[in-house]
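Input: a single structure, listed below in structure tokens.
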């Protein structure tokens, strides 16, 4: 029995012949790597170091900043902006769960039930990408407009009562509330959930479903014991691809939210581009990076999927 | 209860189609509102049907300039990222070398990093170097974050390639260069194309990193961002709709052509 839920052959990537053949020209790989890796070192890794150094500087814009190992900036930034941090995690977490709940049926539909419509649905999932996401996010202002049909429907169905109780909306407004921001985040990052889910669902051998049925498993049991465990790689990379950008996003909170829905991305953006308080902004950005890397590492360890790249 | 049974069997289809509706609803709104004639400066409420914006898509100052700038940056960023990324992908799949783990993490990290962190840290670098923010800093940033995605796309394709094909070419007295151009490259082409397409879409639509590193240069997403504060012209919707339609047509045509080719071969 247990062999059914263990990894089937297609899930073990490149098991045999994993050793790349050795070629002539010992330095060839280094020449191939050089330009791209140099680019990433100079414009990705080096900036991280500059940012770390900026975060422990003191001074002012007029007199210039100097490294004084002023670690108190971190403490000050955290104590001033912890609500924004908590909000980022809450909003991004809620959006990720919603993406999983909404995205799974669609990924399942494309993988197993769409038949000849498969390609068309796939195109419709990807095509919105080509309309600037800012334009599409602005469209939510129209959809969620006060007194509009969507808000009216949510009101009639008493959904707003529930969200009011949860503190996600206030009164009969959706726009400029946490619900609008979460809705925008869910919408914007949904394809990043659907595509990895689809990829891992599509790899599942259809005979496993038949076998489960032959062994008298009901559809729901088949899903719970066979399909879902086998789609775990997609679930893991989908949640990461949704959570990480959502946690750092400031566009949805800015366009659909209010001053009460500001996330940590909003603070970094204002501190950097408007207030010009570089040390605080750098410290905040460093904390966000550290928090996300920590979460990602723990999450990947616990879910046991190491090969995401 | 046949209806309940039918519902049970098709529940996942219904839920999936509802999600698809959720994904497409904003595009429908964008399209419908491209025919609007708004009263104030903002195009959020339906007033009356009009073709004004479609007749004069460049009628707003700065709009088409930002669009052409975004296209230019996207083209150069795609070329740069695809070239550098393809080289890395080949090195990773085909060769053994030291510091492989370090290279892999350097490629993985930009994809696992919130954009705002990369944007802010890159800006500190540019500020420290005293670089002039504008076209070049945007291009540098775009090549940087597109690179990893190209590597991943090309790597997947090259990894699934049968090395025997290249050996066969060698056996038939093809030189290393000839083998590469006549055998390796054509097989890797779909992966490279996928990577390039992804890079183009990512660069063209990027807002957060551009917002930090553009200075006073305005790309199309930055124009939209600015207009969300000042007033949204209907022309924005016209361009959004056009991009959506062009993308769908492009994919449909390439699929039909692809189908026909495979059918001819069969």
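Keep in mind that glycine also has a Cβ here, set from the backbone N, Cα and C atoms.
TrEMBL lists A:85-299 with the feature domain 'ABC transmembrane type-1'.
Here TrEMBL flags A:1-22 as region 'Disordered'.
Marked as transmembrane segment by TrEMBL: A:30-50 (among others). Sequence-distant contacts of the transmembrane segment (A:30-50) (same chain, six or more residues past either end, CB-CB distance under 8 Å): 289.
For A:89-112 (among others), the entry in TrEMBL reads transmembrane segment.
Within the chain, the transmembrane segment (A:119-139) has long-range Cβ neighbours (under 8 A, six or more residues past its boundaries) at 106, 109-110, 184, 187-188, 191, 194-195, 198, 251-252, 255-256. Marked as transmembrane segment by TrEMBL: A:119-139 (among others).
Tertiary neighbourhood of the transmembrane segment (A:175-198): same-chain residues 87, 91-92, 94-96, 98-100, 102-104, 106-108, 110-111, 122, 125-126, 128-129, 133, 136-137, 140-141, 144-146, 163, 167-169, 231, 233-235, 237-239, 241-242, 245-246, 249, 251-253, 255-258, 261, 263, selected by CB-CB distance under 8 Å and a gap of 6+ residues from either end. If you look up TrEMBL, you'll see A:175-198 (among others) marked as transmembrane segment.
Annotation source TrEMBL lists transmembrane segment at A:226-247 (among others).
Residues or ranges marked as transmembrane segment by TrEMBL: A:281-300 (among others). Outside the transmembrane segment (A:281-300), and at least 6 residues removed from its termini, the chain residues within Cβ reach (under 8 Å) are 48, 51-52, 54-55, 73-74, 77-78, 81, 85, 88, 236, 239-240, 243-244, 247-248, 264-265, 267-268, 271-272, 275, 306, 308.
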